[in-house]
Amino acid sequence: MASTEALLPVTSLQDPLSESRSDQIPETRRRRPIKVHLAVYSGLLLIALYVTLIVTHDGSKAEIATESRPRMAGVSEKSNDGVWISSDDGKVEAFPWNNTILSWQRTAFHFQPEKNWMNDPNGPLFYKGWYHFFYQYNPNAAVWGDIVWGHAVSKDLIHWLYLPIAMVPDQWYDANGVWTGSATFLDDGSIVMLYTGSTDEFVQVQNLAYPEDPSDPLLLKWVKFSGNPVLVPPPGIGAKDFRDPTTAWKTSSGKWRITIGSKINRTGISLIYDTTDFKTYEKHETLLHQVPNTGMWECVDFYPVSKTQLNGLDTSVNGPDVKHVIKASMDDTRIDHYAIGTYDDSNATWVPDNPSIDVGISTGLRYDYGKYYASKTFYDQNKGRRILWGWIGESDSEAADVQKGWSSVQGIPRTVVLDTRTHKNLVQWPVEEIKSLRLSSKKFDMTIGPGTVVPVDVGSATQLDIEAEFEIKTDDLKLFFDDDSVEADNKFSCETNGGSTARGALGPFGFSVLADEGLSEQTPVYFYVTKGKHSKLNTVFCTDTSRSTLANDVVKPIYGSFVPVLKGEKLTMRILVDHSIVEGFAQGGRSCITSRVYPTKAIYGATKLFLFNNAIDATVTASFTVWQMNNAFIHPYSSDDLGVPSST
């Protein structure tokens, strides 16, 4: 079985730092007007002070129940918000980051604002020749707060133009933030946008907005409905547990239907509402779905996938050849879980195909097994596909973010379809347009024996696209299966098994990206094969960031999961490397891992790529191609500049 002996030249393996998150932040309440009445009774010289608290809320606000409690940290909060500054009390000493290192961390082809904080993707859509992307944005700092809707447009989902801010918190019903929302195309092609507002009393309500000028392909100006809010927390739902409306879909009765995430005690739930005009709503007594002990469901998504085709489906499509996906972002764990199941339109309910891997269950399915949260899909009618966006937060300290002046990126948009071979999971793949950034390429065919580390000569290794196939030598597989001393291992975990330094008979093997020449810094992305039940192979796909940087004030987890490998399939992976972000896709996208890494030595020209096989017994053949990647064209829009490069 596995040995902890490592042949890779590495530094001592440290336990990954645990991510910490403050569950509560202080709430600053708006001061209410106070009238002070002073009555002086003549002859007695007694002064009585009467203080009357007068609340001047309008009628619609008075209908909203509020709770006097601390504001809960929601999707928008940075997960590792501690600042490590000394080792005297057991905390990790902060690394002396400098501008040279921090400048290198900024990505070249992932979307991010010019500066400051960004989180959830909002309301993505394709309209009059442009892809629109809205996002949670703080225009004032590199930390969460003052949330508005940023806005950018693209012709191809890769090259972007920043547009003016789309919506700001300028009304009582969104005074504390214009939070996450979704777009819906109506039957006549017009657009409505539902979004969550955090009121001046920190109550979460749903609001309606629409384009001021539908003829404008850039959708520069948005109008908020005069009757907002259109939905308030219903009885039994906490004032701060009611957020993130989905894209609406058409029911068989012709009404529009949306779902909104919430919780009741520790049960995560998805509320259902019907509407005909997006201004008035009918709440269903039943829930679309609920799962006990999963906590608050944020950024719920609900959409159909085809059982037979590899194209995407409009959100309203239903029928016998369709399955439906529910995704919820778990506030407690910061993980995006999904499940596949059957939707009953008449009852407005959904049931999972496999209850043992229901939404939010720890052994259930995830979009991504790394740093990926608050995701949102949309149907791209331009190319007949469903596109997934996901927020990739930082794993460094907030102090480092402030120093570099920005925080967070978005993942490369992915297509999403049902795996028509397994019928049990989704497959995600970077949109085809990313290939337009490929520059020079090199092809390699290598056979690497046990304990081998091989440098891969590709020149600069900061911006790469790698596609690879691996095969384990047949004789080694036969010996492995025939060895009765090797027991089945169905509980192998990338996170707890020692990472890429833990040696087994058939792994780990893969690539070390963002490595320095001496491998003191490296981020291995790899497969590990174990014996499963009934003489089958179990394959796990992992990313080990525990040695990605010499800095200690960084969270450095080991990510991974089992990945289905069907009979006759080779082991395949694709890796996108873009400075401080690594995105890995195994078996055509059945398993995905996104990581944030912060090298201090493996930067600029010192960044290297290695192929490794740290197995004890197996010889592995690797066939792969490595492309250098160009920069994406991402800059502010001007009326004189419409020449955006396009791959379409």
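Every residue gets a Cβ built from N, Cα and C, even glycine.
Look at Swiss-Prot and you will find 1-35 tagged as topological domain 'Cytoplasmic', backed by a curator's inference.
According to Swiss-Prot, the region 'Disordered' annotation covers 1-28.
Among the features that Swiss-Prot reports, transmembrane segment is placed at 36-56, with the record citing sequence analysis.
What Swiss-Prot lists as topological domain 'Lumenal' is 57-648. Averaged across the topological domain 'Lumenal' (57-648), the predicted model reaches a pLDDT of 92.
Taken from Swiss-Prot, the feature N-linked glycosylation site applies to Asn98 (among others). Under DSSP, Asn98 (N-linked glycosylation site) is assigned to coil, being neither helix nor strand in the three-state scheme. Here Asn98 (N-linked glycosylation site) comes close to no residue that lies at least six apart in sequence on the same chain with a C-beta under 8 angstroms from its C-beta.
Taken from Swiss-Prot, the feature substrate binding site covers Trp117, Met118, Asn119, Asp120, Gln136, Trp144, Trp179, Thr180, Arg243, Asp244, Glu298, Asp331. In the three-state DSSP scheme, Asp120 (active site) falls into the strand class.
Neighbours of Asp120 (active site), defined as other CB atoms within 10 A of its CB across all chains, total 28. What Swiss-Prot records for Asp120 is active site.
Feature annotation from Swiss-Prot assigns N-linked glycosylation site to Asn265 (among others). Cβ environment of Asn265 (N-linked glycosylation site): no same-chain residue six or more positions apart lies under 8 Å away. In the three-state DSSP classification, Asn265 (N-linked glycosylation site) falls within coil.
For Asn347 (N-linked glycosylation site), the same-chain residues that are 6 or more apart in sequence and have a Cβ closer than 8 Å to its Cβ are Thr286. Per Swiss-Prot, N-linked glycosylation site is recorded for Asn347 (among others), and the stated evidence type is sequence analysis.
According to its DSSP assignment, Cys494 (disulfide bond) is coil. Here the Cβ of Cys494 (disulfide bond) has 25 other Cβ atoms within 10 Å, regardless of which shown protein chain they belong to. Taken from Swiss-Prot, the feature disulfide bond applies to Cys494-Cys542, supported by similarity to another entry.
Ranking the binding-site residues Asn119, Trp179, Arg243 by the distance of their Cα atoms from the Cα of Cys542 (disulfide bond) places Asn119 first. Taken residue by residue with DSSP, Arg243 (substrate binding site) is part of a strand. For Asp120 (active site), the spatially nearest entry among the recorded positions Gln136, Trp179, Glu298, Cys494 is Gln136, judged by CA separation. For Asn119 (substrate binding site) paired with Cys494 (disulfide bond), the C-alpha to C-alpha distance reads 27 Å. Take the Cα of Cys494 (disulfide bond) and measure to each of the binding-site residues Trp117, Gln136, Trp179, Arg243, Glu298: the nearest one is Glu298.
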